[in-house]
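Peer 1: First the structure, then my questions, so here it is.
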Amino acid sequence: MPSKTKYNLVDDGHDLRIPLHNEDAFQHGISFEAKYVGSLDVPRPNSRVEIVAAMRRIRYEFKAKNIKKKKVSIMVSVDGVKVILKKKKKKKEWTWDESKMLVMQDPIYRIFYVSHDSQDLKIFSYIARDGASNIFRCNVFKSKKKSQAMRIVRTVGQAFEVCHKLSLQHTQQNADGQEDGESERNSDGSGDPGRQLTGAERVSTAAAEETDIDAVEVPLPGNDILEFSRGVTDLDAVGKDGGSHIDSTVSPHPQEPMLTASPRMLLPSSSSKPPGLGTGTPLSTHHQMQLLQQLLQQQQQQTQVAVAQVHLLKDQLAAEAAARLEAQARVHQLLLQNKDMLQHISLLVKQVQELELKLSGQNTMGSQDSLLEITFRSGALPVLCESTTPKPEDLHSPLLGAGLADFAHPAGSPLGRHDCLVKLECFRFLPPEDTQPMMAQGEPLLGGLELIKFRESGIASEYESNTDESEERDSWSQEELPRLLNVLQRQELGDSLDDEIAV
């Protein structure tokens, strides 16, 4: 690589538009030094990702097997890529056998792909196809420098271009040679007075003969190219011999068309013809048979497509039927659950009605209790106490000492409850001081018991929410003493919640 100077800051070696080597150098071969990592058979790659993956897999497998890299010399030419093992020469050994040192050799047209690893630019590889087995083989190499690997890859790519140009030149030269030969044959044929065919007729006849040979399709495996070249060689020989052979072929059968006579001219033996195609079979019939065969193949393919679509529709119908059955099973399960819930609800309604009938039978007023009343009602009617009612044990009144001495509240008494829904209010009318002895003789005190009234909906009229109730209940137990003075034991609460009792 030329060194960069002050006026040469651009490296043309990395420019893909500029060729690396002269095209004449590929005739002799361009040599590179590298290290051979290894080779493995790979399936036909479809993308660069698969190629890079195969390259890395080969590297890791050979590294795991502890196989050392070999120093090789890579020769790139128009003949192909040749890999030769590089060894030091011994002093006594003047020459060596190149076949023993040859590692591999692949022609250019069999090389499938050449590239380097994007992660490690020193690693490059090419994939070649084996001519005998058509197996793709990946060969991995490693160079000393990244630039060297890039030059090798670009050199192999340039060898493709050079071979393509050479093939185009060869085809053009062959075409020119054929045109020159035809012009010479035309000039020779025009000088022969006994010749009946002109040059244009010969060209059309040759075209018809070649078409007829292709239409015959001789069933000889592997000899299609040889048969075609042999026919062309016979045609050239006929043109060189002159018109005597053609006249001798055409004159015994003056009424026979040219197309039926041409296979006899080109094909040496009649045994190579198919048994179904005779000399009198017209060419159009054969083409019609080919057309019918192609139409039949097309119909078969369409039938296969239709069958595949039918199978797909059947699968879709089966999936939809399974989904529908599953949905029906779920709906049936939901219906059963709904039925059980309805039965349970009807049972609850019957129980509620029985409770209402029992309560209405005990009620003297005949009022109908609501569901909320039945829910909150217990066996012993609870008592609701206000926060302002003083507690009985904290009262210090000498007037009530004798009256309360013989009064004891049982455990189930409404007066022994704190969390209750009955409101007791006591009020007393204190007589003058001169009448206090009369009260001590056993006159009853005046008190009041007020029950909370319920609406038909079951909601209390005085306390609208449960939160207020709970707050007031807490305040009853923590605030002032209750105002309950005395309730006689012989008096009982009413049966109905709508009644007010005054004692």
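A Cβ is built for glycine as well, from the same backbone N, Cα and C atoms used for every other residue.
Note that this is a predicted model, so its numbers are computed, not measured.
Sharing the features that Swiss-Prot gives for it:
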- 318-359: coiled coil (COILED)
- 26-191: domain 'PID' (DOMAIN)
- SER183: phosphoserine (MOD_RES)
- SER187: phosphoserine (MOD_RES)
- SER190: phosphoserine (MOD_RES)
- SER262: phosphoserine (MOD_RES)
- SER367: phosphoserine (MOD_RES)
- SER370: phosphoserine (MOD_RES)
- SER397: phosphoserine (MOD_RES)
- SER413: phosphoserine (MOD_RES)
- 170-212: region 'Disordered' (REGION)
- 491-503: region 'Interaction with NOS1' (REGION)
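Locate each feature and note its surroundings.
Peer 2: When pLDDT is averaged over the coiled coil (318-359), the result is 95.
The secondary structure of SER183 (phosphoserine), as reduced to three states from DSSP, is helical. Of all Cβ atoms in the shown protein chains, 11 besides its own fall within 10 Å of the Cβ of SER183 (phosphoserine).
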